Amino acid sequence: MPLPQQFTLLVLGQGGTGLELASWAASHLGERVTSVTVYGGVSSAPTERTAALEAAGVAFVYGTEEVAGTFDICVASPGISEFGEFFRSARAASSQIMGEPEFAWLLSPERWCAITGTNGKTTVTSLTNDLLRASGLDSVAVGNIGNAPIHEVDRREEGEWFVAELSSYQLATTEAFHPRAAVLLNLSPDHLAWHRSHENYALAKIRMFKNMDDGDIAIVNVEDEGLAPYLDRIYDAGRRVLHLGLADDGAADAAFVRDGVLTVRMAGEEHALVRVDELRIVGAHNVLNALAASSAALACGASVAGVCSGLREFKPLPHRLEPVDTVDGVRYVNDSKATNTDAVLTALAAFDGERIVLLLGGSDKGTPLEEFMAEVASRTACVVCFGEARERLRTALMDAPGAADIDIAEAEDLRDAVDVARSLAQRGDTVLLSPACASFDEFSGFEERGEAFRSYVADLAALSEAEA
């Protein structure tokens, strides 16, 4: 359903997304928006920014999740579960309810490329955006990457692409959203507290394809085991699907590696791009990420030359298998973004055959650990469990087959974990922060955790120099 020419707006949540929405609405009061009301939630309170928005005509309601009144449109912040009472109250008070990306799409629906998956979204979004720009096209990365689409709508250039990283939270309520190209990278259990079940989580992801037709292209990792149960639902709609994988399965549209070269077959043409060993991002998962981004960019009109140039230049993003330093012959790698077990196994695969000292821990997500810890025990030399989840992690690891063959230690927090890792590591080892947990027991997010890790490694380097 399109947006009315004029509408009353309810914004749910006063975090970053909610305030971006309120700011946009304030600038359109008296035009498209007749009124805007923000419900901050039970723990909300006035701030300097809310005071400024109130002065601009935005109404704020603090300290409650019971929505009063009626509204044409409600836009919910991604942290607010559709299964919670806050969301239900807002739904009852609103004619339409949606996430912020869909609201932005309704305001500016042309040229959207959408990217989702449990892991790899940010890398593929950033790389796709770079490949489009390297081809001379206007493009901006938006969404879960940290730049709300609503922030870009009013200053969007004609012909500009929105490359949108979308989380399951943002996709769960999708009704009208219609990207021209969409990438689904992988699927493994995550965010179960928000979605209530893995099935709900998976169905939220594939809603991205809901309105696509044969003029669009869905780029799907057909080799991912987690996606296998849902492939038929993606195919059933009759949309065009490009098969993403390391091997060529013969599909009419496909992206794969042939003789060490990234290759994309699309619309009857086959494009040999760059060699795997020319990429600056490492690991089989990043080869898939590069294939996904290349396919998306080519589907959006990028040139082969631009894609090849962009692939060669793209560097690892912060906190994603990011080399930090080598101290006393030991390499330290920051993979703080690995907040779930699948991401950790992907990271370990990137260092196959090396001696790994793995730092696991943080805020417990309640993920099943039995199969995961069996893999960890077989792929590491030492594991340091830290933070809030340390006891559960250590217990699960000690029960795993092969655990007797590795060193297992505990540390109270990340700083202690780095110190313990230093004492366990041998020259030639890699100390890998790939925690499989959220960071909120100690930090505001994975970014702050990764920056802290960098700082602690810098302290080790300074200490090593002082001792030399």
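One is the number of the first residue shown, and numbering goes on along the chain from there.
For all residues, glycine too, the Cβ spot is worked out from N, Cα and C.
Heads up, TrEMBL stuff is auto-annotated, nobody curated it.
Sequence annotations record features per position, and here TrEMBL assigns ATP binding site to GLY117, THR118, ASN119, GLY120, LYS121, THR122, THR123. Per TrEMBL, domain 'Mur ligase central' is recorded for 115-296. The domain 'Mur ligase C-terminal' feature in TrEMBL is assigned to 319-437.
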Neighbourhood of THR122 (ATP binding site), C-beta criterion under 8 angstroms, separation at least six: ASN144, ILE145, GLU165, LEU317, ARG320, LYS337
Distant-in-sequence Cβ neighbours of THR118 (ATP binding site), under 8 Å, six or more positions away: LEU185, ASN186, LEU187, SER188, ASP190, GLY226, ASN340, ASP342, ALA343
Residues in the domain 'Mur ligase C-terminal' (319-437) grouped by DSSP into helix, strand and remaining coil: 43 helix, 32 strand, 44 coil
Any further residue of that chain within 8 Å (Cβ to the Cβ centroid of GLY117, THR118, ASN119, GLY120, LYS121, THR122, THR123) of the recorded ATP site: ILE115, THR116, VAL124, LEU185, ASN186, ASN289
CB within-chain contacts under 8 A for GLY117 (ATP binding site), separation at least 6: VAL124, VAL183, LEU184, LEU185, ASN186, LEU187, LYS205, ASN221
Neighbouring C-beta atoms (10 Å sphere around the C-beta of LYS121 (ATP binding site)): 24
Around the Cβ of GLY120 (ATP binding site), the count of other Cβ atoms that are within 10 Å: 25
